[in-house]
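*Asks:* Structure below; questions to follow.
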Amino acid sequence: MVEPKYKRILIKLSGEALAGDKGVGINIQTVQKMAEEIKEVHDLGIEIALVIGGGNLWRGEPAAEAGMDRVQADYTGMLGTVMNALVMADSLQRVGVDTRVQTAIAMQQVAEPYIRGRALRHLQKGRIVIFGAGIGSPYFSTDTTAALRAAEIEADAILMAKNGVDGVYNADPKKDKTAVKFDELTHRDVISKGLRIMDSTASTLSMDNDIDLVVFNMNEAGNIKRVVFGEQIGTTVSNNL
């Protein structure tokens, strides 16, 4: 049997991905399909953590621009990520995958607090861990959460599962028909070229901690498995190219 390229991964999902075609709210059938895709990889013995954005329920920056206090707006967004985490955890449990939600803001009735050692033990025991509530502080995105948690759990790679986007381009392919897709980039290329795969804090964290980043289209069945086994799909960002 072919050995996987990545044995411990952190999958970063946008909140909008949970909304399906509507783009807002949560579509349970869409989440269930994602859970089945994730289970397929989990059943191969891959250790999996998840970070899910909250943009399907709330976006802090526009609220702040409209006059809301930025700190309060960001905390509201963190609660949205917990809602998404709980829904995904339920879907994973329903397909037979033992799952734990850990939050950076304590809410004992619904989730465990984030404790690195406990998260690592869950992964080692074959449980999926979903990290909610960002890093618990305003002004930090869920991309930064993904990079930080990936470093803390010593993940081999962050899988940026995009909704209908099959990689990183030098221009917006929806607006520019001449846009060229990159198969590979270094983290330094991403930062120097200003490619907005993640925010700059997340990109720097990934580079400094030598974590591969794979940007791929999550809408094509089997793509998570393909990435894990090293097939060339999407765009791979690494220090080692």
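Just so you know, glycine gets a Cβ as well, placed from its N, Cα and C.
So Swiss-Prot lists these for the protein:
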BINDING   Lys12, Leu13, Ser14, Gly15, Gly55, Arg59, Asn163, Tyr169, Asp172  ATP binding site
BINDING   Gly54, Asp74, Ile135, Gly136, Ser137, Pro138, Tyr139, Phe140, Ser141, Thr142  UMP binding site
REGION    20-25  region 'Involved in allosteric activation by GTP'
*Asks:* With Cβ-Cβ distances below 8 Å as the criterion, list the same-chain residues six or more beyond the ends of the region 'Involved in allosteric activation by GTP' (20-25) that contact it, or say none.
*Replies:* 56-57
*Asks:* Inside 8 A of the center formed by the CB atoms of Gly54, Asp74, Ile135, Gly136, Ser137, Pro138, Tyr139, Phe140, Ser141, Thr142, which other residues of the chain have their CB, for the recorded UMP site?
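*Replies:* Result: Gly77, Met78, Gly134, Thr144, Thr145.
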*Asks:* Compute the average pLDDT of the predicted model within the region 'Involved in allosteric activation by GTP' (20-25).
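*Replies:* Its mean pLDDT is 88.
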*Asks:* CA-CA, which of the binding-site residues Lys12, Ser14, Asn163, Asp172 lies nearest Gly54 (UMP binding site)?
*Replies:* Ser14
*Asks:* Only counting partners 6 or more residues apart, tell me which same-chain residues put their Cβ under 8 Å from the Cβ of Ser141 (UMP binding site).
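*Replies:* Result: Gly134, Met198, Asp199, Thr201, Ala202.
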*Asks:* If you skip the near sequence neighbours and keep only those at least six away, which residues in the chain come within under 8 angstroms of Asp172 (ATP binding site), Cβ to Cβ?
*Replies:* Ala179
*Asks:* Which of these binding-site residues has the least crowded Cβ, counting other Cβ atoms within 10 Å: Gly54, Gly55?
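*Replies:* Candidates: the binding-site residues Gly54, Gly55. Fewest Cβ atoms within 10 Å: Gly55.
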*Asks:* Any idea what the Cα distance is from Ser14 (ATP binding site) over to Tyr139 (UMP binding site), rounded to a whole Å?
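*Replies:* Distance (Cα to Cα, whole Å): 17 Å.
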*Asks:* For the region 'Involved in allosteric activation by GTP' (20-25), give the DSSP counts of helix residues, strand residues and coil residues.
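*Replies:* Grouping H, G, I as helix and E, B as strand yields 3 helix, 0 strand, 3 coil.
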*Asks:* Cα-Cα separation of Tyr139 (UMP binding site) and Gly55 (ATP binding site), in Å?
*Replies:* 15
*Asks:* Once near-sequence residues are set aside, which residues in the chain of Lys12 (ATP binding site), 6 or more away, have Cβ atoms under 8 Å from its Cβ?
*Replies:* Leu50, Val51, Ile52, Gly53, Thr142, Asp143, Ala146, Ile158, Leu159, Met160, Ala161
*Asks:* Checking the spread of the UMP site as listed (Gly54, Asp74, Ile135, Gly136, Ser137, Pro138, Tyr139, Phe140, Ser141, Thr142): what is the longest Cα-Cα distance, in whole Å?
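*Replies:* So the maximum pairwise Cα distance among the UMP binders is 15 Å.
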